[in-house]
Structure formats: structure tokens, C-alpha cells
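> The structure under discussion is supplied below as C-alpha cells; questions concerning it will follow.
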Amino acid sequence: MSLSDWHLAVKLADQPLTPKSILRLPETELGEYSLGGYSISFLKQLIAGKLQESVPDPELIDLIYCGRKLKDDQTLDFYGIQPGSTVHVLRKSWPEPDQKPEPVDKVAAMREFRVLHTALHSSSSYREAVFKMLSNKESLDQIIVATPGLSSDPIALGVLQDKDLFSVFADPNMLDTLVPAHPALVNAIVLVLHSVAGSAPMPGTDSSSRSMPSSSYRDMPGGFLFEGLSDDEDDFHPNTRSTPSSSTPSSRPASLGYSGAAGPRPITQSELATALALASTPESSSHTPTPGTQGHSSGTSPMSSGVQSGTPITNDLFSQALQHALQASGQPSLQSQWQPQLQQLRDMGIQDDELSLRALQATGGDIQAALELIFAGGAP
């Protein structure tokens, strides 16, 4: 076979419906060597050059052949790759770009810090609600997700996890220091204020905390609102809303400085997760009812039913409800549900269907994540 006939078929693992690409190996690079002399790292470079739009960097892909992940320092001969063989390209998880903290409106932040500082020192129930939220790992993780730049600020993370430090840094007198040095911490503290204000009563109806518009307490970073978290404030009855409040679009906390032309930006998945994680009253019982006890009234939505009963909306409860809903609708077996992904894994040389099913189940059917789990030896 002449050198011009040396070619490989390349297929993206996460795009099973995309036709294979034919990669012809350059004759000038072969010299005295055959196709088998190519290293896997050099093959990655050729593939990145061939599929520039899909594979911009050879360091961000793995190659799969006959169910094996190819090592960069090995050759094609080592893996028995022949002309015409199909090599699957598995794109690694893209590195997340560094998130910059959202800008802070110092005037608005000062007003909100005063509200929080007053509430912390005048209401034991409010103070306990704040510290209960911050001591809950799940809630803290979701606050981190909802606050750009917070995860890369170790000082801010330390403050949120220490009651004494939080009380000190929530002082309005600290704002001049925090805004330039730790803007993400300012945004996180404002987030805590609005989260807890929706689920715990603020001290004193005549205090400065009541002088602010009620809608500002329900606003959350990310454009969603913490409405319906308290039995006292919102019962999902439109007639309890005044005309101005119902006709005026809500805005985000002014301290976060977001001003999109079309109003608040759409809710993202991470923000929705934050809302669900924090949508529980601090004083509510830890008892989680079964989905069968939810929503006895046909005129009441599941969310409002859970809210009015004061029951925390936890991830476990949400998962249980989803599972029961799937079972009620006749959820197909895992094998039939993920048959396309199973066949794709078989095409890549992974013949252990049981292993593949476990990996797919653990990753929710994500073929790329399942492959990474299988090759990492982490399939359950």
C-alpha cells in the first residue's frame, strides 16, 4: 500500500450523528517510517489541525481506539492501529474561565449592610437564621455558585464560614475596605441578606429595615426573586399585590450593578439550583415529607403547597418528586432509555454493557462524562 493510502477515520465521541472525518497522514512527515511510527501526541496535533473548529487545542482531547484511551508517548503500532481504522475523539472538560466579581454600588451596599448589621444585633431569630444558612454546606456551596468570583477568594470564603468574622465584616464601616479588595464578599453578604429576609422576619416593623421597598428583600443576584418563601409575605394571591408593585418590573439588588437593556437576565440552571437550595425557612422542621403528602389541593401548585406548610424544599425532596413523576409516567428501563449511548460505547470498543449502564446512570446519560468515568475507573 502506498504512503498516499495511509489514512484514519476520526469521529467526535460527543457528536455521534456527525459523519466521520478522513485524516490523511502527510507523506513528508513519514520519512523512512511507516504509519505505525507516528506518536499519539503527533496524531492529536494532526486531528486538531483537521478539526480546528471542534478541537482548538490538542491538549484538550483524548483519543479512543477499541475501548482503550491512547497514551501520548505511545505509537500507532503499539495499539495496532491500521490504515482505515476509526479513532474516536473525546473532548476533555473545558477549563472554566476565571469569573470576575460583579461591580458593587457602594451607596446601595451601604444601605443594605446597615439593614443586615441592625438585624444581626437586634434579632436573635434573624441572627440564627443567617448562621444556620452559612453553616449548611449545601447552602454555602450554592451561594458560591451564585456569586461570581467568590470561589477564587479564600478570604471571603473564610469569612462566610466563621460566625465571628461574618459579624465583623458585615459592619457598614468595613465597606470601604471590602469593596476594592473583596467585592465578591460584598455581593455574597447582600445575597445572604436577601435570602434570609425572605424566610425570616426582620426585627421591628418600624425599623430602618422596613423603610426599604419590600421587593428589594426578595431580589437575588442572577435576576430571580425570592418570592413565596414566607407564609406571612407571599401566598401566591394576586389580589394581595398593589397595582404599582404588580405593574413595575422587579430589579436586582442595586449593589450588584446589573443593568441589562431588557431587564434582569434569564435564570440559569445554577441560579435555579441556588433558589431551590435556599428556598426553606430556617425555623422549619428537618422532617422531609414524602411526595405523596404534597399538593392535596388541585388548585395549589406543588411549590406553593410546600411553602405554605413551611417544609424545606431540599434536593432530596426534589429528586424524590422527580423520580415518582418518572415512575408514574412509565419510565423505560435504563437499557432502552440509553440504547443510543450504549451502542455508541460499543462502537468505541467498550463491550461491557453493565459497566456502561452504571456509568451512564451515574452521569445522567452524558456520553462524554460516562467515558471519563469508565477510563478513570470510577464507575459505580
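For all residues, glycine too, the Cβ spot is worked out from N, Cα and C.
These figures come from a predicted structure and were not determined experimentally.
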> With respect to Swiss-Prot, which of the residues Ser122, Ser230, Ser255 bears the note phosphoserine?
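Out of Ser122, Ser230, Ser255, Swiss-Prot attaches the phosphoserine annotation to Ser230.
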> Note the mean pLDDT of the domain 'UBA' (333-377), expressed as a whole number.
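Averaged over the domain 'UBA' (333-377), per-residue pLDDT gives 82.
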